[in-house]
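The next block holds one structure in the form of structure tokens; read it before the comments.
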């Protein structure tokens, strides 16, 4: 419930103030350059902390006929209002020690003048200022609600700066930039709102008044101001301004504004006639002004500039996110009627990304001749002809239901189905979060406990919106329900590929598992690394197939399983040494061995062993490395034995554990072997070892469950902790 | 070319010369007066103050000083705007200062044309504050040497002004 209040306020406030904010940020960008431009002027030749007020007073006395006022501006420049000996009254920058004129204050550039007016009052005087003030105030709340949403999304304050879940660009950077710019934006908005409140007298009076007791003392009228001790003790860095006595009469005083107080000083005796500290509101006002305008600080002006630009981006990306959410929320297409459909897809999604998977599945099911109804979990109701219920749901923040799935549990109670329905659940989430797919798991428990629902498949978890994993699930589901289901191809991001000519160095015979090793030598030496992918496009269908590669002594080593009905693997298996073949190399940086690593734990099954062979071979520093591998039997392992024993002999691989599924009566898979080594594995996890997993997605999910279990039991920490530290790398298919 | 035409040409040229000469010789001589404007303790934004010279009939002659640099608000100083600034847009360079807030004071130098002192002219201080009152005659007095040494009490946002001739 709470999350939607935050989100609705965030959106509503942003929509109300959006147009003003666009104007304010655009003009803000322009205005940020003003303080930068003036701060670089060469009007501060001396460190003000080393120059006493008396020094400057003396210099000015010599240089000018009369001085009316002296001001130290935000840049530390001395601005004096003087009358020259020729009788001209001038406003000039002066040298603190010599008193000489350094420059003349420039008239505000028309562009800045225009931008200031637009920024401050939209050319509407007080009405405009009022609006701008209100918008600043709203912006505070937009930023604060935004901050809460991000914290919620990231799973707590301490994870604010952890990695951001993969998503579409606008959403991702709304979050990424939000983390950096929300605080500056809150400062800008709050200081702006404060200045407005001051302007409309909503705050206590910031004025300061002096009570002057009429002094009777005259002093020696020949005394020069610079001879007075008080001015010798005050240094320019503490001074805001000096107002000189109006006349020679002793009752006219020096008015000295210092950092925190104002003094009236007798012009001949130097006695402090009155001393008043500035009220808090005055200092707050000055501080707000400095923060809001960036006056006197190039660095802060730069922050203001970037924050203004970020604000524009937030407005744009926020609109995109809103549009997507609205579009996904209500299904605009002509839908089948819920009571006519045999297949019901229910979606739980916070950001709308899960809908892409739902649409894809809907298309495939429709193509397979099924009647499909897609809706959100919150719209759950009775479905007269439903046979299959498929739930695709994300989890929000700390294991909560996404907004459009909150009421499902309640609805299920009030609308129990009249006949039995098969169900399956796909949970979308990220391993980086401690409660990976927790809501999906809750739903699974809920439906399992329900007498009318029968599971088709166990809960399937999809990490980081992996399309491969979703494909894998769909194949399993298709088999389990005996449906001819082919998912349409997901839109793939374009990646730059390196095309290379490869010469076959050697090729092994096909073993019992229909698997063989292919060693290829690239004609050029393109940069690649074990864990990258090598792809081939068979002529028959033009579809690229990717294989995880090992870099073995400069060559590419692939472990390939020949599928009898396949198009690519039979072709590759028919190659002879010396043949040339065209291939592509794709970088796969998330599956590289990190540069700094204390220990490696490689886990894989079947052909998933390939990249590890190269990683061991390249392990020049003899970093302790272990391999857990699952295959059918000893003979499956024999294919790789020469590579493994060579690495073992040179200390590049120290620990090898295998599990065979076709040897004994009890099938041993790699996850079972891991469980046997629970204790040492927990220690490795704790000490920062990097775990690499390569092989089938089924194996990956089993292995992750076991590792999660080990981590929870032995270390009392969720596996996500280690995933966040980059200790978990996966490349499964 | 006849003689009368030559004469007219000569006369014309002479007139232009003499006019030019007159204009130069009339470059007004000014006297510097130091002026302090002390504001009352009102609440709100800084006050706009305009100091102008008016002739005996109350017609604006020239502007001596403008306190307030945001032209957006000049319209609020009604009389000055209607009769001088809004009509003629004279150049204000060098005679514009920033506003000061209630209770504060401002010091400046007014350059008063010598020929307008003791010659039946008036000195007017009008004041206005954003979204508050406007005082057309906050202070107004005959421009005499005697008056220019006095302290004058204001009726609006100005508490008083003090002027003294600037020592030469």
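Backbone N, Cα and C atoms are what each Cβ position is placed from, and that goes for glycine too.
Automated prediction, rather than curation, is the source of TrEMBL annotations.
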Quiz prompt | Matching range for TrEMBL feature annotation, transmembrane segment, among A:171-195, A:196-220, A:221-245 | solution = A:171-195
Practice problem: Tell me which range among A:108-129, A:130-151, A:262-283 TrEMBL lists as transmembrane segment. | Solution: A:130-151
Quiz item: Can you check which of A:23-47, A:48-72, A:73-97, A:298-322 TrEMBL lists as transmembrane segment?
Solution: A:298-322
Quiz item: Is the transmembrane segment (A:130-151) packed against any residues at least 6 beyond its ends, judged by a Cβ distance under 8 Å, and which are they?
Solution: 3, 6-7, 9-10, 13-14, 16-17, 20-21, 24, 119-122, 124, 157, 160, 175, 178-179, 182, 185-186, 188-190, 192-193, 195-197, 199-200, 314
Quiz prompt | DSSP residue counts for the domain 'FAD-binding FR-type' (A:497-594), split into helix, strand and coil | solution = 8 helix, 43 strand, 47 coil
Quiz item: Can you give the mean pLDDT for the domain 'FAD-binding FR-type' (A:497-594), rounded to a whole number?
Solution: 87
Quiz item: Using DSSP, how many residues in the domain 'Flavodoxin-like' (A:343-478) fall into helix, strand and coil?
Solution: 51 helix, 36 strand, 49 coil
